[in-house]
């Protein structure tokens, strides 16, 4: 080299500019074995693979092979069904599709009780059962009315018609449950005191049988075969205070809304009328809405407990449809084909659901989700058409009366114990506020 240039020499210090590992301490044989095993085409026996998988699942809660996060090829793996990792971000969460998601509650397919209902009239247009807030079930069997105490199981014969050819055509409890209204085939509306088991009064204003009844405080509304609806003020001697003439045939469905603003009536003329609680300027009652879409008699009418302006109606054999209405706007919110005669509809107070009772051909009860109108379940057992439905005061049990001369009690709206406690707490808080206000 040239004079003055520095000559590079090997540094005298130990440890140079790169690290050379001491290979003597490594398990070269083990590494070589693993490498050759990985490249070995021979597969493990299925039994051994299953055994290893079982160990992995037991130890880790999932199969390691299935749950690898990084892969050289293929799609990212979903977590095994039902597996929940604390580090959820590491997995793409697998959503259970709505169709396969299990219903959260058990609905018994068999009735809780079956009661005999001998000589119950097989007449679609009559309303023969009603359940009171005091837990008495009133049942009209031909010319008699019986009360069944659901708490004690005691049965009382409340009345029997004087003339053998007359029969009871409707029953309805006042909200407080101490008075029962009874409509008869000879055009009477009777009022009975349950404590005394005595008839308080006999109201005669109709000219034909009274097949439907509904209470709004002290006003009792009755629908007759003529198509007329009468309002009775049960407090005064001149009880007949108004006549509603909106149907040309028998009124078979009649129900006041829970807030007392509207009366819904369904008739054999296929009409649904919505009546206001007050008279118009002319002094006459005129329907605020008339729905004409049903193609059969409308007996099933029911107001939604949580939406005061929503009404459900069901049509007879030539219609077979359930329709949901907004009575303020007059629009039909939804329609479902029930494929059989609809005799009755009840809304659940414990769930966002309603139940319908049917005739030919299945004679079943159907629980529906609202507002999706999806079927929750079908309850079968009656061997002839269902005539009427009514609900227990706690909203858990539905009683169905059918032409097979039986009453069946279905526990289809049983509440979850935690929700039940919460509801009871909310109700007790409401009543305590009311009492404080009164004081």
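Each Cβ is built from the backbone N, Cα and C atoms, and glycine gets one as well.
Marked as region 'Disordered' by TrEMBL: 1-22.
What TrEMBL lists as compositional bias 'Polar residues' is 1-12.
Mean pLDDT for the domain 'CDC20/Fizzy WD40' (115-410) in the predicted structure: 96. The domain 'CDC20/Fizzy WD40' annotation in TrEMBL covers 115-410.
Per TrEMBL, the feature repeat 'WD' maps to 161-202 (among others). Residues 121, 123, 126-136, 138-145, 147, 208-215, 217, 220, 222, 224, 230, 232, 234, 239, 393 of the same chain lie 6+ residues outside the repeat 'WD' (161-202) yet bring a C-beta within less than 8 angstroms of a C-beta in it.
The annotation repeat 'WD' is assigned in TrEMBL to 244-275 (among others).
The repeat 'WD' annotation in TrEMBL covers 379-410 (among others). Same-chain residues lying 6 or more positions outside the repeat 'WD' (379-410) and placing a CB less than 8 Å from one of its CB atoms are 107-120, 122-124, 126-135, 137, 139, 150, 177, 341, 343-346, 348-350, 355-360, 362-367.
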